[in-house]
Protein chains: 2
Amino acid sequence: MSLDRDQVLREAAALLARRPTASMDEIARAAGISRATLHRHFPGRDALVRALGELGIAQVEERLDAARIEEGDPVAAVQRLIEEAMPVSGFLAFLYGENQLYDLPGITEGWSRVDRRVGALFRRGQEEGVFRFDLTPAWLGEAMYALIAASGWCVQDGTVARNDSARMVSELLLGGMLRRPS
Amino acid sequence: MSLDRDQVLREAAALLARRPTASMDEIARAAGISRATLHRHFPGRDALVRALGELGIAQVEERLDAARIEEGDPVAAVQRLIEEAMPVSGFLAFLYGENQLYDLPGITEGWSRVDRRVGALFRRGQEEGVFRFDLTPAWLGEAMYALIAASGWCVQDGTVARNDSARMVSELLLGGMLRRPS
DNA sequence: TTCGATTGAGACATTCCCGTCTCATACGAT
DNA sequence: ATCGTATGAGACGGGAATGTCTCAATCGAA
């Protein structure tokens with residue numbers, strides 16, 4: 001048996017993305033389990049929401065590691081990060097839209113940890129002279145999050161092909177943030 | 001008396017953006033009116049949500065008109081549109097995150113009307129040879145929505161100055177989508 | 001001032017969701 | 001085959017939100 005905890009959380013995220021007010025019963029049915037079982041693993045809605053946030057942070061940090069954003073050419077690092085993020089863009093898109101998840105104790109710290117790492121990447125790109133100076137690292141980070149989330153939604157409803165999504169994001173983002181020799 | 005209907009909707013949006021599960025009573029108090037009065041004007045939560053969607057569509061179409069996106073240089077048209085959208089970026093950011101608002105009968109049509117106009121703008125830019133061909137008009141539209149919403153959030157929490165937000169968005173978006181002579 | 005309309009406060013029953021519980025069933029390991 | 005464990009189905013009470021109602025107070029126009 002041993003319930004696939006992450007899978008349940010993903011189903012919950014997919015449902016909550018569409019209907020933020022969905023009941024625990026609906027979430028359970030969407031995940032293909034009974035309400036009792038859902039409640040055994042996540043004692044209450046708060047616990048479920050918190051688990052969603054924690055899974056999201058873990059996912060993102062894992063992708064940051066996989067992309068090795070601290071190493072090498074900043075442009076290539078951004079490309080690797082976007083590439084790595086694409087497989088979970090749907091889940092990231094959900095997290096991005098849930099402002100509710102940001103002011104939970106313990107969750108906030110996780111996201112600011114992520115923000116620091118991402119901000120450092122863009123700052124490094126500026127210091128190395130490849131990223132524009134007139135767009136702040138914080139804004140570049142937010143823009144990247146926004147575009148990744150947008151691509152996740154586009155893939156979900158078929159506007160953008162999954163294979164193309166990474167290119168769409170990085171072409172637009174890097175195109176706009178690179179310093180031009182001219 | 002004559003209650004300021006739009007003002008109530010804005011307060012409701014501001015609250016629901018932070019707490020999607022806020023009760024009607026909380027919404028009423030946030031808007032500075034009694035629950036009874038709120039219920040007289042919006043008979044039920046569904047009616048309130050629908051009114052939020054309708055106000056959003058009206059706002060956006062008003063801005064599309066004000067920006068005259070069908071006229072003149074596509075680049076300037078995009079800049080005008082972003083400029084016009086900024087004063088309501090906070091409200092737009094809320095609407096953008098509420099996927100719930102998209103599958104209501106009557107609301108969907110409004111947004112596809114908006115999408116058609118925005119898509120036509122980007123297609124025109126491509127046909128006139130100023131926008132890149134390898135990024136689809138649909139994606140460019142989604143990216144613009146995402147960046148405007150992101151800038152709205154950034155302004156709300158002080159990451160980006162309100163005066164700078166329009167420039168941040170258009171520099172990044174246009175920088176990424178313009179064809180390069182090279 | 002007077003009258004109609006609108007609002008605020010609160011009571012009320014209803015509905016819905018939640019958290020907990022029990023019990024029977026099905027699975028897996030030993 | 002047996003036993004421990006996890007699950008599903010459902011019942012149950014408690015609590016919160018909803019929708020509706022009444023009544024007094026307030027505002028604005030005539």
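Placed from the backbone N, Cα and C atoms, the Cβ positions cover glycine too.
The DNA-binding region annotation in TrEMBL covers A:23-42. Per-residue confidence over the DNA-binding region (A:23-42) averages 96 (mean pLDDT, predicted model).
Across the domain 'HTH tetR-type' (A:2-60), the DSSP tally of helix, strand and coil residues reads 44 helix, 0 strand, 15 coil. Among the features that TrEMBL reports, domain 'HTH tetR-type' is placed at A:2-60.
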